[in-house]
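K.L.:
Sharing the features that Swiss-Prot gives for it:
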| type | residues | note |
| --- | --- | --- |
| TRANSMEM | 39-59 | transmembrane segment |
| TRANSMEM | 103-123 | transmembrane segment |
| TRANSMEM | 124-144 | transmembrane segment |
| TRANSMEM | 152-172 | transmembrane segment |
| TRANSMEM | 181-201 | transmembrane segment |
| TRANSMEM | 221-241 | transmembrane segment |
| TRANSMEM | 242-262 | transmembrane segment |
Amino acid sequence: MADTPAEYIQHHLQNLVYGSHPEKGWIIAQTPEEVKAMGFWAVHVDTLGWSLFMGLIFITLFRMAAKKAVTGVPSGLQNMAEMCIEFVQGIVKDTFHGKNPLVAPLALTIFVWVFLMNSLKWIPVDYIPGLAHAMGLPYFKIVPTADPNGTFGISLGVFLLIIFYSIKVKGVGGFTKELSFTPFNHWALIPFNLFLEIIGLLTKPLSLALRLFGNMYAGEVVFILIALLPFYVQWGLNVPWAIFHILVIPLQAFIFMVLTVVYLSAAHEDHH
């Protein structure tokens, strides 16, 4: 797959990209130069595929738990599902102060889905890329949250919900008034208020996406660097780093979920 450490690192950090090349048409990019030539609308096939696959696993597991729910002794899968639901419901109850029955299911979906995508980091870094290379694919990353396209996609969805509920709860006029007269309630400071509020609004999806991406990407880079070391050294570093990620992986999913609930709670607050 790679002859030098630099090529090895570049290979493992490059996504499988499909797009329109100005000279070759619609192709799977074989080099970083081809990826660059494809431009903004190129598709990261691995990120999209693994995101959908983890979402399907989430739906399948919770659907199975719901179908097998019994009044007697619950199964292990049912216990896991109930623990997740009760945990998320507790967070939403303490954090969200509006009235919206969709917030708790949304928070549950975000928490479990992001956790499942993060958990792909536990798969050794060479396994899936090596298998993909044997199948003729030049690149293949398996952690969707280590790709900014994946994290920005989720955070953009959250951002659209923030705007939607802000307008739905407060009305167009109320939302505009909030942007215009916060934090300083004077007409002369409306331009300054709008500047501050719009910047603050735009930083919400930005912070959500970059926080998750930064942590997952950095962890992936460390795993790749460890894989470059001699075999007898790898285990001594891989095991502690993997154990550390037992905390990092659910923590990042939790932070993403909590911030989403906090932002939606603010969107439901009517200041009239």
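A Cβ is built for glycine as well, from the same backbone N, Cα and C atoms used for every other residue.
As the structure is a computational prediction, the values presented were derived from the model and not from experiment.
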K.L.:
Quick check for me: are there 3+ Cβ pairs below 8 Å between the transmembrane segment (103-123) and the transmembrane segment (181-201), leaving out pairs under 6 residues apart?
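P.N.:
As far as Cβ distances go (cut-off 8 Å, pairs 6 or more apart), the transmembrane segment (103-123) and the transmembrane segment (181-201) do not touch.
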K.L.:
So which residues does the transmembrane segment (124-144) touch in its own chain, when a touch means Cβ under 8 Å and the partner is 6 or more beyond its ends?
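P.N.:
Counting only partners 6 or more residues beyond its ends, the transmembrane segment (124-144) has Cβ contacts under 8 Å with 1, 11-17, 28-31, 46-48, 50-51, 54, 117-118, 150, 216, 220, 223-224, 227.
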K.L.:
Under an 8 Å Cβ to Cβ limit, what residues of the same chain, 6 or more beyond the ends of the transmembrane segment (221-241), are close to it?
P.N.:
5, 8-9, 12-13, 121, 124-126
K.L.:
Cβ under 8 Å to the transmembrane segment (242-262), counting only same-chain residues 6 or more beyond its ends: which ones?
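P.N.:
The answer is 88, 91-92, 95-96, 103, 106-107, 110-112, 114-115, 118-119, 121-122, 145, 154, 158, 204, 207-208, 211-212, 215-216, 219.
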